[in-house]
Amino acid sequence: MSAEPPLLLMRGIVKQFPGVRALDGVDLEVRRGEVHCLLGQNGAGKSTLIKILSGAHQPDEGVIALGGEEVRLTGPTAAIRLGISTIYQELDLVDGLSVAENVFLGHERARLGFVRQGEANRATRDLLTRLGHPEIRPSTEVGRLSPAAKQVVSMARALSHDTRLIIMDEPSAALAHDEVANLFRIVRELTSRGVAVVYISHRLEEIREIGDRVTVLKDGRTAAVGLPAKSTPTSEIVSLMTGRTVEYVFPPRRPRPATGSEVLRVTGLTVPGVVEDVSFTIGAGEIVGLAGLVGSGRSEIIEAVYGARRASGEVVLEGRPMGRGRTAGRGGTAAAVRLGMGLAPEERKAQALLLDQSVAHNITLAGLGRYSRFGWLDRRRESAEARELVETLDIRPGDPDRPIKTLSGGNQQKAVLARWLVGERRLLLLDEPTRGVDVGARAELYAVIRRLADEGIGVLLVSSEVPEVLGLADRVLVVREGRIIHRADAQDLDEHRVLDMIMEGSAL
Amino acid sequence: MTVAADERLAGTGLVRRLLIRPELGAVVGAVVVFAFFASRSETFRSVAGVANWLDPASTLGIMAVAIALLMIGGEFDLSAGVLTGTTGLITVILATRYGFAIPVAMLAALAAALLVGFLNGLIVVRTGLPSFIVTLGTFLMLQGINLGVTKALTGTVQVGGLRRAEGYEQARAALAGTVSLGGADFRVAILWWLGVTALATWVLMRTRAGNWIFAVGGDERAARAVGVPAGRTKIALFMTTAGAAWLVGSILALRFTSVQANAGLGQEFVYIIAAVIGGCLLTGGYGSAVGASIGAVIFGMADKGIVFAGWDADWFTFFLGAMLLLATLANRLVRRYAEEVRH
């Protein structure tokens with residue numbers, strides 16, 4: 001190593017959240033002018049590390065040094081002042097302000113409090129031209145821009161500071177192919193000036209093309225530091241990312257009768273631009289897993305099946321075709337529920353739970369029609385049924401009258417599942433059912449899901465965690481860029497191969 | 001290299017740029033209301049008539065503009081109406097009972113108002129409680145103070161006699177006098193209102209403070225992430241609203257030379273309604289000062305126009321409700337149209 005200290009040095013970073021040790025001693029070293037890639041599966045600790053670097057979180061332990069000097073990143077402003085800019089995946093732009101106003105927000109070009117708008121517009125135009133997008137006008141309201149253009153604006157904002165280090169969190173996720181080329185051109189221009197880029201992406205081919213070195217995170221620890229990005233074999237990278245230190249216990253699969261009836265048949269499902277000609281079936285008692293990256297179209301497939309998203313193609317539930325071009329509300333989701341579908345959405349707290357209400361109320365919510373007679377709710381029957389489900393699913397603490405927000409993530413998720421056991425369910429759609437559920441509670445949740453399947457319900461499961469899909473599902477569909485690129489029995493696949501496929505698209 | 005944004009950026013025509021202005025609904029509403037009453041009453045469209053309906057618009061307009069700034073910043077202030085009464089009461093009581101010169105009494109009232117605004121802001125920023133609740137609390141407390149103190153001092157529910165206080169004539173000329181124009185007497189308050197609107201528009205469009213207001217109201221998290229002093233911006237906005245309440249309270253006290261203990265009560269929603277007619281969103285981050293002013297003009301025209309047209313003034317609130325619905329519906333339709341055009 002040269003005598004010059006690295007631009008950024010992080011040593012032994014630890015960050016603890018209630019119930020989770022998100023980072024457990026992470027090391028990172030970034031040199032001037034390099035593109036340093038950060039790799040790791042979901043939950044490996046990448047986003048926490050970024051948040052610490054951008055000043056949004058403070059580490060519990062560990063040392064951060066910039067240019068050889070130890071620093072404390074006490075807040076976003078402190079990080080920006082030290083020359084660290086972050087471009088988050090969900091871009092931090094204010095829609096109501098113009099492009100130029102967003103670029104200079106918080107450090108306006110002002111004299112006596114008055115913004116020199118002409119100067120800000122000129123400077124913004126220069127930055128946008130440098131970024132290869134002179135056609136974006138500085139005076140346009142940001143809310144009117146396309147996602148790709150918004151990202152360029154975020155980039156311009158990062159450049160408007162005197163930046164030494166830019167963190168890009170999945171910058172290519174929202175971009176079309178030719179726009180990625182432009183992004184890379186910008187990254188190269190930045191690094192040629194000595195700016196360092198911390199680049200986070202799931203796409204290995206991008207890392208090969210743009211990256212200099214790679215740091216791999218696994219379970220909140222650094223699995224490898226500073227591997228050469230171009231020459232490290234894919235198999236080595238993948239094996240560094242896989243092989244969890246925590247082993248999950250998956251319930252045993254039951255051999256299914258070969259003549260099991262079909263619960264769901266999806267034919268030619270297409271959501272323009274996201275999902276392309278997807279067909280599959282789910283049998284009674286079968287768990288089918290969709291493995292794929294965020295943005296691969298797996299959540300959209302679930303939403304389209306549920307009728308919450310406009311799609312073409314055919315969805316047939318137990319021989320009954322669901323309407324075409326269904327949308328939320330208008331016979332879409334309501335019909336789906338009536339005909340026996342149930343959804344446990346990805347954002348449990350935002351989309352599935354009434355946090356202040358009791359466990360019982362959250363469970364019976366979808367089936368209130370069952371307890372009402374002439375508009376009156378039969379509260380006694382409602383709470384009796386809820387109590388029964390709390391016992392069956394072993395929701396703890398076993399008090400149906402507790403506010404649901406006092407329960408752990410795993411038990412909240414059980415309550416969401418319990419909701420769909422009220423009444424006749426034929427098909428359960430589970431989107432990231434174990435997100436935010438701690439490791440110990442996962443096994444219980446897996447057991448519950450398997451038991452539901454054994455009772456004859458079909459289950460469609462989406463998870464970012466490949467081991468979970470492989471361990472829980474009977475059959476696995478690998479999804480990449482909106483298409484099913486591989487299908488196989490879960491027993492015939494291993495984590496290594498699936499990761500290989502969803503990252504490189506090298507099926508077979 | 002091109003992005004798909006190309007064409008839609010180039011296609012920003014003049015008509016569309018006008019259509020997406022937040023004040024469009026208010027402008028259309030104002031034109032319709034004016035045409036309606038002008039066709040019913042000759043007095044309404046005369047110079048004297050205009051002077052007459054601009055009068056209520058002016059004091060309401062000053063408040064509506066301040067509330068609009070606050071709403072763009074993502075907050076509400078329900079205490080603003082009663083605060084106009086509080087500041088008026090302080091000025092009159094200090095000037096008539098304790099012998100203060102009116103300018104001194106007014107400065108004391110201003111200090112009190114700014115303190116209330118500061119506390120409103122501080123509580124909202126520090127606790128994260130919704131400003132609707134926090135200022136509802138201050139609103140009720142101020143209402144109690146106004147009534148309690150007035151009764152304790154005078155035994156009645158009003159304080160008066162400001163005419164005899166020192167510096168009355170000059171203060172009245174500056175804040176509550178009239179200016180002759182085209183054979184009619186226009187209230188000086190109209191000039192203050194135009195000044196406040198111009199100042200607020202300038203701040204919103206041309207200063208960093210204006211950027212910050214839109215940013216904290218539009219996306220507070222994003223604003224904080226880039227170093228916008230979100231807390232200070234909000235506190236300043238509450239203090240601005242309180243300052244406007246002081247200005248209006250002083251104008252009204254000088255005009256009537258007396259203040260009722262319940263002055264300003266019920267006005268807080270009128271300010272919000274004017275700001276909403278003027279294009280402000282309840283969710284913050286969007287709106288304009290000019291729009292709020294035009295919202296106030298609609299109020300003024302309806303207030304006086306109903307009398308000019310010879311109708312029962314009891315119908316005023318019905319009219320307002322209809323205006324509110326129509327203007328916000330128009331704003332919404334236009335916004336949706338503007339958003340669809342770009343797809």
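Each residue, glycine too, has its Cβ placed from N, Cα and C.
Automatic prediction, not curation, is the source of TrEMBL annotations.
Sequence-distant contacts of the transmembrane segment (B:20-38) (same chain, at least 6 residues past either end, Cβ-Cβ under 8 Å): 44-45, 277-280, 286-288, 290-291, 294-295, 297-298, 301-302, 305, 308-309, 323, 326-328, 330-331, 334-335, 338. What TrEMBL records for B:20-38 (among others) is transmembrane segment.
Feature annotation from TrEMBL assigns transmembrane segment to B:50-72 (among others).
Taken from TrEMBL, the feature transmembrane segment applies to B:78-95 (among others). Outside the transmembrane segment (B:78-95) by six or more residues, the chain places 63, 66-67, 101-102, 104-106, 108-110, 112-113, 116, 120, 132, 135-136, 138-139, 142-143, 145-146, 149-150, 153, 159-162, 165-166, 241-242, 244-246, 248-250, 252-253, 258-271 with a CB less than 8 A from a CB of the stretch.
Residues or ranges marked as transmembrane segment by TrEMBL: B:102-123 (among others). Listed by sequence, the residues of this chain that lie at least six past the ends of the transmembrane segment (B:102-123) yet keep a Cβ under 8 A from its Cβ atoms are 77, 79, 83, 86-88, 90-92, 94-95, 129, 131, 134-135, 138, 142, 162, 165-168, 171, 234-243, 245-246, 249-250, 254.
Residues or ranges marked as transmembrane segment in TrEMBL: B:129-149 (among others).
Summarising the annotation, TrEMBL assigns transmembrane segment to B:188-205 (among others). Non-local neighbours of the transmembrane segment (B:188-205) in the same chain are 54-55, 57-59, 61-62, 65-66, 68-69, 72, 173-179, 213-214, 244, 247, 251, 288-290, 292-293, 296; each lies 6+ residues outside the stretch with a CB under 8 Å from one of its CB atoms.
What TrEMBL records for B:235-257 (among others) is transmembrane segment.
According to TrEMBL, the feature transmembrane segment maps to B:269-295 (among others).
The transmembrane segment annotation in TrEMBL covers B:315-334 (among others).
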Please give the sequence-distant neighbours of the transmembrane segment (B:235-257): residues at least 6 beyond its ends with Cβ less than 8 Å from one of its Cβ atoms.
59, 62-63, 65-67, 69-70, 73, 75, 77, 80-81, 83-88, 91-92, 102, 106, 109-110, 113-114, 116-118, 120-122, 124-125, 131, 160-163, 168, 171-172, 175-176, 189, 192, 196, 209, 213, 263-264
Residue list, the transmembrane segment (B:129-149) vs rest of chain: Cβ under 8 Å, 6 or more residues beyond ends.
75-83, 85-86, 89, 93, 116, 119-120, 123, 157, 238, 261-263, 265, 268
